[in-house]
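Have a look at the structure below before the remarks.
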Amino acid sequence: MSTIEKLSIQGIRSFGSNAEDAQSITFTSPITLILGQNGCGKTTIIECLKYALTGECPPGSDSGKNFVHDPKISGRNESLAQIKMDVRDKNNARLSVCRSMKVSLSRDKKRQFKTMDSTITHHGNSNSSDKKLESMSYRNADADQAVGDFMGVSNAIINSVLFCHQEDSSWPLDEGKKLKDKFDAIFGIVNYNKALDHIISMHKTASDDLKIMASNMKLLAHLKKEMDDKTLNLQKYEKQCEDIKMQCEKCDEEVKPIDLRLEEIRNIEYEISKYNARKVEMDTTHKNCVEQIGKLSKNIKKHFEGSLVELDLEIQSFNRRMSEVKFQRTEVEEQLTKIKGSHVDLQKTLATYDKELYMTKQKRKNEQECKMQLTNNINDFCTKLQVNIDGKTRENPENLEEMIDVTLSSKQTEITELSTRNEQADQLRQAKVDELRIEITRSEQSLKSQEKQKKASEQESEELEVKIKQIEVSVHQLKALDKQISDTDEKYENANRSFNHDECRQTIASKKASVADKQTRFKSLDKQLTFLNSISKLMAEITLKEKELDKKNQEVNRVKSKHSDNLAIFFKEPITNNYRRSLQNVYDKLRREITDLNDKANAQKLKEQSYEIKRKNLIGDIERMEKEIQQLDERIYQKCLSTSYDELMLRSKTTIAKLQLEHGALKSSEAMYKKYIQKIEEQTNCPLCHRNMSGDEACDLTSELTDEIQKLPDNITRSEKLLKAEQSKYEDLLQIKPAIDKVKELKETLPLKKKELENIKQLLGDSVAEYETQMSLLAEPTCNMELANSMMGDMTLLDEALKESLRFTKDLDQLKLKLPENYDASVSLDALQAQKNEVSKELETESKELEMYQHAFEQQTEALNRLRQFRNGLKEKRIKLQEGQQSLPQFKERLEELTRMLITIATEMSELELNLQPLKKNLNAAIEEKARLKKSEQSKLLELNSKYNNYKMIVQDIQRLNKQAQEFANMKLTEKMEKLDSTIIITKDELSQLDVEITACSKQLETIKTECLSQLSLERDLKDNRELKQLQKKETELAENCAVLAKQLGNMDFPNIKKEKTELIKKKDISSERRGELFGQLGEIKNHLNKLQVEVNKPEYKESLKNYRRAQYEIAVKRCGIDDLREHRAALEWALIQFHAEKMNNINSLIRQYWRMIYKGNDIDYIQIKAEEPETKTAAANRRRTYNYKVVQSKNNSEIEMRGRCSAGQRVLASLIIRMALAETFSSNCNVLALDEPTTNLDRDNIMSLCEALNSIVEERQIQSNFMLIIITHDEEFISSLGKINRYHRVQRNSQCKSVIQMVRVDGK
C-alpha cells in the first residue's frame, strides 16, 4: 500500500524561492503533527501535497499565480518554485515526484503562471536487488494520471478526502448539486454510466446491423443460386469446346502431308524462279554491255589499235607527263601566294603607320589646347590675386609652382591670424562671463548655506524647547519612580522568599525516575506484543476469511430467497449448483420458442406488408385512373363541347371538301373570265349561251367580268383562311382521338380494379388478425425469457458465491494448520494491548505531571527574571531623568544663542538677495554681446575660407595642365611626325614592286593551266579505249553464261509440277473450309464461355458461396454478441447497485460510530448520508443509475436534513467524520489522511472527545506500517491531549518573513 515519506518545498507562497530557503518535512507513521501560528504556512504543506499528487492548484490561487512566491517581494521579474515528494506506491516501490513551476512578471506588470516540468523517478522496491533509477518526464495531464495510478487512489479521493483544503473542508454540507458531483466523482458513477451507455449503444448498433445482415442474406442466397446455374452452363460449354478442338486437330492431321508436298513444290519453284532471274539478269547485263560498247565507239576520236597491255603502258607515260606539269603549276601557285601574303603584310604595316601618324597629330593638337588653357588659368589666377608673373617664370614650371605656393601660403597665414585673433577676443569675453557666473554662484551658495543654517537652528531651538519642558515635568516623574522602585524591590524579595528552588528540583528528579520505570515496563509489554504481532497477521487473515465466508453464505441465502418463487416457476425439482447453466438452458429453450413464434409472426407481417403495398398501389392506380379520366374528359369537352365526336368529324370533313372545291373554282376562274372577255371582244355572242348581245350588253358583261377578276385575290385569300381554319379544327379532332379511346379503355378497367381492391382489403384484415394472434402467443414466453435474463446476473453471482464459499472453507482450514504449536490462545493480543495502553496512559500521566512541574518551575524562574528586569529598567529611567535636570541651564543658554543667530542670518540673507539681481542682468548682457560678436567674426572667416578654396582649385587646375604640358613636351611629337612620313613613303614603294611581281606570276600560271586543259581530251580518249576493250571482253563471257542457263531450265518439268500444285491447293482449301467452320463454332462457344467466365469472375458471383457462408457465421456471431452485451449490461448494473449499497452501508456505519464516539451533545443521536434515486420519466431500460445525496441528522428516530440546521461546530465535526469514514472506505491502497485545523469552532468537550477518537484510531492502525495521520493545528493543548507524542514539526516565520519548518522533540532536544 502507498504512503508519503518526505516533502520538500521551495518558492511556494511564503516559502522562499532561493536554494537556501528550501524546506523539507519527513512524515512518520502513525501520526505526523504540524504546529504553527496563523499565516505561517501550515496549510501550504497540505496544498503542496495535493499539488504534487494531482497537479491541481489550490482554490483562490488565481490559477496558480498566488500559489508561487510573489516575485515582487524579492524585486525580481520571475520567481521559481519546486515541490519534491518521496512516496511509496501501492507495490511498496519508492517514487520521487518533482513538479517545477514559475510566476513571471510581464511588461504590463501582470503575473503569469507556468508549469515547467513534471518528473517521476522510480527508485525500485526496497526488497528488490535491482535498485536501478528510472526517471521520466511527463506532460501535466499524464503525470497527474500516472501519480494517481501509482498511489492506487483517484484524484477525487485525494482532493476531497485525503488532502482536502481548509476552504473546502465543509463540502459534505454543500448544496445538493455540488454534493452530488463530489460523491459521483468519489464513487466513479459517471465512468460506470459511460460504460453502460457504451454497452447500450453497442447493443443498438449490433441489432441494427443484424437486421441489415438478414436483408443482405437474401441477396447472397440469390447470388449463390445464380452462381450454381452459371457454373453448370460453364461446364457444358467447356465440354463442347473440347469436342470441336478434337475435330480441328483431325483436320490439321489431314492437311499436314499436303503442306509437306506443297513445301517441296515451292522449293522447286524457287529454284526455277532463281534460274529465270539469273537468266533475265544476264540477258539485261549483256544487252547493256552491247549498248555501252556502241556509245564508247561513237565517243572515241582515235581508236587504239594495240592490245590492252600496250594501252596501259601508254596511259602510264601520259600520267608521268601530267604529273610534271601539275608540279610546275603547284610551285607557281605557292610563289604567287607567298608574294600576295607579303603584299597584305605591307598593307597592314602601312595602315598602322597611318593610324600612328593620325594619333600623333591629335596629340599635337591637344598639346596646343593645353598650353592655351594653362595660360588662361595663370592669367585668371594673377588677376584674382593681383600678382604679376614675367615670361621666364611662365616658361619655367618649377618657378611657377614655387610662386603659386608662396602666394597661397600668404593667404593661408592671413586666415590663420584672423582666426587666432577671433579666438582670443572670444576667450576674453568668455572670461568676463565666467567671472559673473562665479560671483552669482558664490552668492547663491551663500544664500543656500544661510537657509540651511537657519533651518538647523530653528529645528535645534524647537528640540531644546521640548527638552526644557520635559525636564520641568520630570520632577514629578522622579518621585513616582522612586516609589515604584521601592515597591518592586519588595515584590522581588517576597517572591524569592516564597519560591523554594531545591525542593522543586528534587520533585522533578523523582518524577523523572518514575517516568523511566514506566518506560521500562512499557518496553517489556511491547516485546510481548511483538511476539504476538508476528502471528497477528495470520490470525487477522483467519478472522478475515471467516468474515468473508459468512458474508458469502449470507449472499447465497439472500439470492436464493430473492429468486425462490422464480426458480420454482422454471424448475420443477430444486437444484443445488450450476444455477447459471440450468437457467441458461431454460433461457435458450424460451429463446428458440420465441424465435419460432417471431418467424411465424414475421412471415405473417410480410404478408400483411405485401397486402398493404398492393392495397396502396391499387388505391393509387384507381385515383390515377379517375384523375386521368377527368383530365381527358375535360380535354374532350374543350374540343367538342356537348356535340358527339363522330358528328363533329363528319361535319368537319364536309366543310373541308366544300371549301376545297370553292378554292379551286376561284383559282381557275381568272383564266376563264379572261377567256370569256377575249371571246366577247372577238364576237358579241355570249360565251355560255351563245346569244347575240348588243354592244352595250357586251360592254357591261366585260366590265362585270373585269370587276370579278379584280375581286378574285381577296376572295381567294378569304377562302384559303377559311380552309386553313377548318383543316386546323379537323387536325385537333384527330389529335383527341387517342384520348377518346383511352377514356373508353379506362372506364372498362376501373371497376375491375375496385373489385380487386375489395379482395385485397379482406385478405389484409385476415392477415392482421393472424399477426395479432401470434403476438399474443409471444407475450408469455417473452415475459419468462426477460425474467430469466434478469435473473442471469444473480445466478452468475450465486454460482460464483458458492465457489468462493468452498474456496474460503479450504483456505481457512489451510490457515489454521499454519498456526505454531506453542501458540497459547489464552494470552490474547487484546489483553496485552490493554495492559500496554494502561501503562501508556500512566506514563502519559506521569509525563504530564513532570511537564507541569517543569513548567511551574520555569514560570516561577521567569517571573523572578521579569521582576528583576523591570526593576533595572526603572532605575535606568530614573538616572536619565536626573541627568536631564542637571543639563537644564545649558539648554536655556543654548536656546538664547540660537535666537540671536537666527536674527543675524535673516539680515545677511536679505542683503545677498538684493545683490544677486544686478549680477544676473550683467551676465545676460555679456552672453548676448559675446554671441553677436562671435557670429560676425565667423561670417568673415567663412568668406575668407571660401575665397581660399577657390584659389586652391585654380592652382590644382594649373598644376594639372602644367603636368600635361610637360608630358606632351617629353613626347617630341614634331620629330615623331617627320619620321613617320618618311617610313610611309618607303612602304608604298615596296608595295608597288610587289604588285609587279604578282602580275608576272599570274601570267605564268595561266599559261600552265591552258596546257593542262589541252591534255585532258587526250587523257579521256585513252581511258575510253581501255573501257571499250574491257566491255568487249565482258560481253563475250556473258553470252557464254546465258547459253548454259537456258540449257539448265529446259531440263526441269515445270508444267507437271504446276498441275500437281493446283490439285493439292484444292484439297487444302476443302480442309481449311471445314476447319474454318469448326473455328467459327468454337468462337461462338468461346464467346459464350468468356461471357459466363466474366460473370462468374465478378466479385459478387466469385465470392458468393464464401460470402453466403461468412454471412451465416456473422449473423450467428452477431446474435451471440447481442446476447452477451445484454447479459453484460445486466451484470454491470447489478454489480454497480451492490457496490454502491455496500459502500454506503460501510460509510454510514463508520459515520454513526465516529459520531457517537466524538460528539458530546444530546440533540443529535447520529448522522448519516442518504442516497436516493431521482424520479424520472425515462424508461427503466434506458435509465442510468444516478443518486442524489444529502446529510441527515436523527433524533428519536426522526431524520431531517442537516444542512442549514446545524451550528458551525456541528458542521465542522460532521464534515470531519464523513471524510474519515470515506478515507477508511475508499483509500485502502493509501492509508493517509490530513486534517487541517480539525478543532475549528469546536468546544473543549468535543475537542477532547476528538482527541480520544483519534488516539483510538491510531492505536488500532499503528500495527499497519503505512498508516499515517497528518494533523495541522495552532492549538498546543490539542497536541498535548493527543497522548504520547515524541516529536512534532513547527512552522514559523524567520527574520526575513519566510516560512521555515523545524522538527521539535517533546523533551526539548
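Don't overthink the numbers, they just go from 1 along the chain as shown.
A Cβ is built for glycine as well, from the same backbone N, Cα and C atoms used for every other residue.
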Exercise. Looking at the ranges 149-207, 798-856, 1093-1151, 1211-1269, which is given as coiled coil in TrEMBL?
Worked result: 798-856
Problem set entry | Where TrEMBL places coiled coil among the ranges 41-100, 641-700, 881-940, 1001-1060 | 881-940
Seminar exercise, completed: Matching 359-390, 743-774, 1159-1190 to TrEMBL annotations, coiled coil lands on 743-774
Exercise. Where, among 220-254, 535-635, 743-774, 881-940, do we find the most CB pairs under 8 A to the coiled coil (433-498)?
Worked result: 881-940
For this session: Give residue numbers and ranges for long-range contacts of the coiled coil (743-774): same chain, 6 or more residues beyond its ends, CB-CB under 8 A.
Result: 597, 600-601, 604-605, 607-608, 611-612, 614-615, 618-619, 621-622, 625-626, 628-629, 632-633, 636
For this session: For the coiled coil (220-254), find every same-chain residue at least 6 residues outside the stretch whose CB is under 8 Å from a CB in it, and list them.
Result: 1071, 1074-1075, 1078-1079, 1081-1082, 1085-1086, 1088-1089, 1092-1093, 1095-1096, 1100-1101, 1104-1105, 1107-1108, 1111
